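These notes concern the structure reproduced below.
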């Protein structure tokens, strides 16, 4: 086995070259290149975790905004409901007042009209009396030779009308 | 693959040979640029190119960047779950260890023999795995003693040990602790060596039986080739698993040193 046969003749050379190559690997690769690679890994990890944290914060913020939006919406709806209810109430009050006013006007008109009708009825009755007196006088004059005076006829007509 | 007179040596792939002649002496050892050194350098270059793909530092990573980041995150999590927040300090070391072993294992499995190259598995050598294991063990010792001082020895006395048992348990625990670098280094070395020998032996079957005739080739060569395909897939898994085991055990040992159980 050459590895054992040659140990005594080659260990110096093996040691020499191993120290050089492994030393270069340790100092150039392990000590200067590896930390940069690890730095890149660490940088990426911190970036990823920072991004995730930022995304979580943004998510929470979005939830907050939605919550406040909902609140505002609910408030606006309540306000709108209150305004409509008030408008309804005032509308009802106003229409009540108007109806009352209109009732009063109608009642006044009715009273006036009734008074006018009563007045016209009264004047019509007096006119009918006058016409009846003349007609009765004329009928009496044409049918009988008796001369009747106006006051007589008048009394007679009144009596007849009162009896009618 | 020394095919000398039809004989294929499955151990030849582990031989260390200079790529360039010449070298220099250092403390009684001749330092030459060997095939092992070449593959260590290739591992370094491949790993560097791989890591370059992860340096784009884009917020949304591409496939390559994601691969690099997955590896980094994997080791980071391993230390975080085994050692805790303090363990992240050791991520550069464990990451280097894991990636070096993984890339060396996989590069050694590349089928560049087809192109005439000679793949060499750095991690199939006891010298390399042993040095890495001793390095991990040394770090555990240094961290343990600097953090806890002599109190570090309490690691060898588990909680709730009856008083008369303490000396005995202490010796057993100390032995198991001292065996760690050997088991750590041997495990990787043996796993890599065994897989490569198995593949090479089966490849020898394919070549020798095909040379012996069509009948032998169909009877022996074809099943061997089929088996090789399966074992190659298994070896890719072993390459990753062994790198993982080495890194995991290192992080567990660091946990002992940092937290004392």
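Just so it is clear, glycine is given a Cβ too, placed from its N, Cα and C backbone atoms.
No curator has checked TrEMBL annotations; they are predicted automatically.
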* **transmembrane segment range according to TrEMBL, out of B:66-85, B:126-145** => B:126-145
* Asked: At an 8 Å Cβ cut-off, counting only pairs 6 or more apart in sequence, do the transmembrane segment (B:93-114) and the transmembrane segment (B:237-255) clear the bar of 3 or more pairs?
  -> yes
* To do: Report, as numbers and ranges, every residue of the chain located at least six residues beyond the transmembrane segment (B:152-172) whose Cβ falls under 8 Å of a Cβ in that stretch; write 'none' if there are none.
  => 144-145, 256-257, 260-261
* Go through B:126-145, B:184-207, B:237-255 and flag the stretch with the largest number of C-beta pairs under 8 Å relative to the transmembrane segment (B:214-231). => B:184-207
